[in-house]
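*Asks:* Starting off with a structure, shown below.
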Amino acid sequence: GASMKNCTRLPSDVLLLQGPASTVVIVLGFLGNAYCFRLLLKTSINTAMLVSLSGLVLWDMLLLLCALMHHSLWSSLEFFNLSHDRWDGWLVSLNSLHECAHITSTWMLIEVSAERFFAVTRPFQLIRSRRGKHRRQSYARVIGGLIKLPVLMTFIAFVLTLPCVFEYTLEHCVDANGAIARERVPTWLLLNPLYKLAYRTLLLSVLKTFGPFIIIALLSAYTVKGLRESMDSRAAILMEQGQDCLFFSDKDKTKSLQIISILLLGKFLILRCWPTAVAIAGAFAGWEDEQSALTPTISHLLLLLNSASNSFIFVVIKSHFESRRLRKIRMKQRQMVAAHAEQVLWIGKALAGDRLLLLHHDEETRETATFVVPNL
């Protein structure tokens with residue numbers, strides 16, 4: 001017992017963020033993703049987008065669940081000075097799955113952006129190719145064909161994050177009460193400078209953050225550009241045909257797509273790119289060697305917040321914009337019907353007025369004829 005080192009007690013502010021604060025984000029994010037998944041099953045969208053969005057929701061839920069078991073629950077128990085012995089093993093065993101979920105969730109976000117890009121810029125080509133491919137196939141076989149890419153991405157992410165299994169281990173220590181406990185410590189692999197620089201700092205940062213951000217930004221920009229060009233070509237036709245409600249509906253659709261793209265990229269930039277940049281700086285400044293540092297803890301909380309809100313943007317906010325657009329269409333159609341009814345009523349009144357005037361004129365003519373004839 002005398003040869004054992006004392007257990008490291010994290011500062012209260014770090015434990016507060018790693019424990020109760022992150023637990024609140026995880027629980028709310030998990031419930032929000034579950035609600036989005038339920039909403040997806042009720043929404044009428046194409047099968048490919050349904051599979052991609054469902055994959056994003058499920059992997060974000062798995063990521064949040066892993067984060068809860070990986071460190072949030074342990075830190076919450078430590079914060080409230082409760083026993084956490086039974087949860088010590090999760091700190092080590094879920095490290096690789098936690099990283100795998102991060103990568104796969106981000107790649108699923110790329111797939112959703114790509115599906116949206118093709119649906120907007122090449123809708124007819126996409127429909128023809130899928131109709132030709134899926135003709136005479138059962139729905140189960142169609143789904144099986146569509147999940148090949150998510151399964152492949154999951155497998156690649158699993159292989160790439162295998163080294164994370166060997167990054168931490170548990171060692172015995174003496175806690176503040178003098179009892180023997182266990183704590184997580186980095187292994188020789190994680191302490192290796194070359195491993196930290198090449199794998200942790202460079203490879204994982206490119207795969208999880210900066211590479212996906214560039215791809216999603218390009219896809220979003222070209223999606224908005226393609227939709228705007230398509231709507232501009234439709235605008236002249238709609239205005240000539242007097243379809244004002246459809247013209248304004250197209251403008252609302254373009255505006256909603258722009259807002260969703262800005263929200264997605266802004267959220268990714270603040271909640272993913274900035275924490276990763278901080279982590280890279282911390283790798284060179286030595287912050288990662290200090291588990292008590294507050295900055296990496298805040299960065300990780302932002303990463304959880306990003307995963308908790310991905311599906312909210314694609315499902316809830318998009319549904320809100322679509323519902324508002326449809327309400328505007330119905331309102332404009334009612335206004336057009338009311339205007340047409342008013343025109344018909346005015347024409348009817350005008351015709352009725354002309355008929356009355358004509359009848360009055362005929363009566364005057366007859367009276368004049370009756371008066372003139374006797375004098376002949």
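Using the three backbone atoms N, Cα and C, a Cβ is placed for every residue, glycine included.
Okay, so TrEMBL annotates it like this:
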type: DOMAIN; residues: 32-314; note: domain 'G-protein coupled receptors family 1 profile'
type: TRANSMEM; residues: 20-41; note: transmembrane segment
type: TRANSMEM; residues: 48-70; note: transmembrane segment
type: TRANSMEM; residues: 138-160; note: transmembrane segment
type: TRANSMEM; residues: 197-224; note: transmembrane segment
type: TRANSMEM; residues: 259-285; note: transmembrane segment
type: TRANSMEM; residues: 297-317; note: transmembrane segment
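Help me see these features in their spatial surroundings.
*Replies:* Counting only same-chain residues 6+ beyond the ends of the transmembrane segment (138-160), those with a CB under 8 A from a CB of the stretch are 47-48, 51-52, 55, 100, 103-104, 107-108, 111, 203, 207.
Using a Cβ-Cβ cut-off under 8 Å and counting only residues 6 or more beyond its ends in the same chain, the transmembrane segment (259-285) has close neighbours at 106, 109, 113, 196-197, 200-201, 205, 208-210, 212-213, 216-217, 220-221, 223-224, 293, 295-296, 298-300, 302-303, 305-306, 309, 313-314, 317-318, 321.
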*Asks:* Cβ under 8 Å to the transmembrane segment (20-41), counting only same-chain residues 6 or more beyond its ends: which ones?
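*Replies:* For the transmembrane segment (20-41), the list is 50, 53-54, 57-58, 60-61, 64-65, 67-68, 71-73, 75-76, 79, 300-301, 304-305, 307-309, 311-312, 314-316, 319.
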*Asks:* Give the nonlocal contacts of the transmembrane segment (197-224) in its own chain as ranges (CB under 8 Å, at least six residues past its ends).
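*Replies:* Distal contacts: 99, 102-103, 106-107, 109-110, 113-114, 116-117, 120-121, 160, 163, 190, 254, 257-258, 261, 264-265, 268-269, 272-273, 276, 279-280, 283.
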